[in-house]
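K.L.:
Here it is, the structure, as structure tokens.
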Amino acid sequence: MSKNLSIIGAGAWGSALAIALYDNFDTIYLHAHTQDEVKILKPKYSALYPNNIKITCDFSKLQNSKDILIVTPSYAFSEVLEKIKPLISSAHQIAWGTKGFDTTKRCFLYESFERIFPNRNGCVISGPSFAFEVATNKPTALVVASVDKNTRKHFAKLIQTTTIRAYTNADIIGVEIGGSIKNILAIAAGIAAGLGYGINTQAALITRGLAEMSRLGVSLGAKNSTFVGLSGLGDLVLTCSDDLSRNRRFGKELAFNHSIKSALYNIGSTVEGLNTLELILSIANKKQVEMPICEQVYQVTQGKITPTEVVNYLMSREQTNE
């Protein structure tokens with residue numbers, strides 16, 4: 001078999017990875033969701049990458065690749081795994097670049113993977129990475145996490161390029177938590193930015209948000225050290241600091257007193273932080289972990305408090321040790 005890669009998900013992140021990785025493979029099969037998407041994308045890729053990137057919506061093409069990378073929205077993750085399961089052989093290896101929780105099954109993505117593929121080692125690729133910068137070859141560092149050493153080393157080698165530096169980590173729980181909670185905290189950062197607060201406020205939100213992320217992660221068995229790495233602090237700083245982040249832009253829309261519906265319309269794409277909010281807080285409640293920033297973001301999205309009241313509440317909480 002030639003050295004091919006199948007990427008399932010032709011959105012911004014899947015497309016960026018295809019462009020960034022095309023020199024590493026003979027052929028990359030970029031799987032769109034529908035034939036209409038194929039018709040839109042095919043002329044563009046045929047002109048720029050005529051021999052390397054093939055646009056398709058035919059899952060039978062998975063037979064041409066040993067390695068599969070899933071880059072779909074988190075809500076579609078389980079559905080995609082179920083669809084491809086009959087086509088997967090022992091020769092295939094699967095990783096995903098999706099961040100967030102499986103909200104349809106109310107669990108981590110790796111748990112959905114283990115449920116559908118019980119005898120395989122899951123692998124997640126995460127870290128601070130705006131799709132546009134990856135696609136335009138800006139130097140980027142990613143983390144590849146799996147409980148299996150060979151699996152994480154395999155995918156780290158596959159995605160390493162002159163502009164992508166891949167690190168490995170055994171803590172798949174911590175990496176997935178970081179990639180999920182940072183989206184919620186970015187909404188909070190967007191609210192603060194939209195209200196006109198300064199860098200001091202942003203720094204406080206990032207630092208205290210990291211504490212919330214770490215507390216929940218450790219309660220679920222993750223390593224504290226993971227949260228000061230690329231998938232924790234790295235992705236959190238990125239997502240909270242720049243308007244390339246959809247979640248941050250969504251928070252700014254809320255600060256401008258736009259409704260959830262109009263804010264989502266203005267963003268024009270998935271806001272993962274909004275999708276995972278309720279589930280994260282449900283888990284935190286069961287583990288008796290305090291997450292005041294995430295809780296206040298949830299209250300805003302439910303229309304129970306205003307964006308201004310979020311900051312007022314957080315600043316007036318009872319004093320505690322750091």
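In case you wondered, yes, glycine gets a Cβ from its N, Cα and C as well.
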K.L.:
Per Swiss-Prot, what member of Arg165, Arg246, Arg248, Arg249 joins Trp13, His33, Lys99, Ala131, Glu272 in binding NADPH at one site?
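P.N.:
When Swiss-Prot describes the NADPH site, the candidate it includes is Arg246.
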K.L.:
Could you measure the widest C-alpha to C-alpha distance across Lys99, Gly127, Ser129, Lys182, Asp235, Ser245, Arg246, Asn247, the residues recorded as binding sn-glycerol 3-phosphate, and give it to a whole number of angstrom?
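P.N.:
Between the most distant Cα atoms of the sn-glycerol 3-phosphate site, 16 Å.
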K.L.:
Between any two of Trp13, His33, Lys99, Ala131, Arg246, Glu272, the residues recorded as binding NADPH, what is the biggest Cα to Cα distance in Å?
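P.N.:
The span, Cα to Cα at its widest, is 21 Å.
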K.L.:
Given Gly127 (sn-glycerol 3-phosphate binding site) and Lys99 (NADPH binding site), what distance in Å do their CA atoms have, once rounded to a whole number?
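P.N.:
Cα-Cα distance, Gly127 (sn-glycerol 3-phosphate binding site) to Lys99 (NADPH binding site): 9 Å.
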